[in-house]
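Q: In case it helps, TrEMBL gives these features for our protein:
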- 66-73, 131-135, 185-188: GTP binding site (BINDING)
- 57-238: domain 'Tr-type G' (DOMAIN)
Ligand SMILES: Nc1nc2c(ncn2[C@@H]2O[C@H](COP(=O)(O)OP(=O)(O)OP(=O)(O)O)[C@@H](O)[C@H]2O)c(=O)[nH]1
């Protein structure tokens, strides 16, 4: 055990603060359970011995999937306690949610893995458990995790019943033909209605009512049966040990001292430190430095064999080299792709700029490292005349964007300027010169500044989503009203039971990214749930013209307008802004989904004048000098952060 503690301490001292905290917590729990003779007190040597004696038939790889707050992380806690991986009653909740942002918001944003040993009918099993996030914005984490699993625990809250994300996750698991262990949670709550929820599960998913387990993850009731059912229902991994090594990368993150760390699922053969491996996607070669098992603290291993999930540190320095879904194999050996994991495409885009250009390098490195820990984010270089050099990042939703920015601040101490989110429009070009230049007649535009002139565009297509809403019947009227207001077209509306309905709407993505979910929650007193999936692009004549001030949505200026009128409206708005805003209070970073080119140009002109006036207190000579330098491209604009006007003040000005 002391070897394990020393190793944990060594890891802890070489990691960034939140990881240090997590490792410290793991260390404390290791110490607390030192008197018990359970599996978690095993030294790394003993763990290795146990693993090498374990046949593939005694391994189970599974995820816990559910709607937000249905109790996944709490159930994971109980499973870890039951198997001795963490101490009972150690006052720890949601142990696998170890990011600061997860603890502050009380949600899981990153899937976490724990390998646990469990004795069933006198045989020891290795269970690789993955706790997944429930929010729709992090569904990429769920799909990624399912690529390394043979089954899932489908957890449903016995009070709230089946929700939109339960339906979406169930279909994800079905598509991958995974075994499903249905579990009802929170049966300790007085108004829980497990009988009704079980009937709903039968109706919606065709699950046998007798097979639904009932537990209270909070109190630990019935949790042991869950583990037994996992062993009996979920098949062992279909892998081969007596052939060459091949593994799937299904998660990765960045460690300051060890570079990119990869979580791998070994499909064939085995791997040892010192061996040379190669990436199938990049063809780059690496030397294996260390291998470890996450229990959930790292436990060093000498061999990782087929069927097992483990952490691999190799000399992967650059975060971009670690590709989720990539296959690793032995150097110079032919191999086929290990998995069929397809990453989800981002749907919400926002510009990220350093507050000051001197912080450019720090922000770039912070983005690189955070992206490695969140493979769903896409990054491309962007620049703005007002904000300087920056990046355009793609996210899976608004919460995803918020969480990413919070992580940049908390984990890397950078505070960027974030522009208002927008979606990707697909345009059909009419200009033969542009068609020739791009080699095709359609372009996907996620940055309005790159929009060609309107007379070169024949059609605008906007992205649509198929939204699923589950709501108590009492709120159906206002919710239909909201969907119609947001240009939604109803596809279906069915009764789940006497009290609840499931509705499906096709909605323009731009209508839901900002506040749709909040409105839905407030209209239904928090009872309705919403999830959505991609539904392709559709020809549109309408756009929502949003004007954003310092990244915030200014509601007074949101209009749904005809595409062809958008530019005119944008111009009018610039004039209105000029009238309304006192010169010394000029705002910048005004954007619109369409037509922002004109808007930005006009605004930046006004901004430049006023910024210089403000910065130099009307000193004409210095102001002229600065303008001249800017014109010559020698001097970059000063950051807007220095002259930011509070949003409320600005709204007051607009209302006058
Ligand atoms: N009464 C009761 N509360 C529970 C039970 N299981 C979980 N909870 C509570 O439900 C809330 C959400 O639990 P989590 O475990 O964070 O839920 P989650 O599904 O992991 O949440 P996300 O990761 O955000 O999707 C917490 O306040 C838990 O204490 C239970 O069996 N009974």
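For all residues, glycine too, the Cβ spot is worked out from N, Cα and C.
Keep in mind that TrEMBL annotations are predicted by a computer and have not been checked by a curator.
Here the structure is a predicted model, which means the values were calculated and not measured.
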Q: Do you know which of the binding-site residues 69, 132, 187 end up with C-beta under 6 Å from ligand 1?
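A: From 69, 132, 187, counting a Cβ under 6 Å from ligand 1 as near, the near ones are 69.
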Q: Over the span of the domain 'Tr-type G' (57-238), how high is the average pLDDT in this prediction?
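A: Averaged over the domain 'Tr-type G' (57-238), the predicted model reaches a pLDDT of 85.
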Q: Run through the Cβ atoms and count how many others sit within 10 Å of the one on residue 135 (GTP binding site).
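A: So the Cβ neighbour count for residue 135 (GTP binding site) comes to 23.
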Q: By the count of other Cβ atoms within 10 Å, pick out the sparsest of the binding-site residues 72, 132, 187.
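A: Result for the binding-site residues 72, 132, 187: minimum number of other Cβ atoms within 10 Å at 187.
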Q: As a test of the contact definition, list every same-chain residue at least 6 positions from residue 66 (GTP binding site) whose Cβ is closer than 8 Å to its Cβ.
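A: Listed in sequence order: 72, 134, 154, 155, 156, 157, 165, 166, 169, 185.
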Q: I'd like the Cβ neighbour count for residue 69 (GTP binding site), meaning other Cβ atoms within 10 Å of its Cβ, all protein chains included.
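A: Neighbour count, Cβ to Cβ under the 10 Å cut-off: 17.
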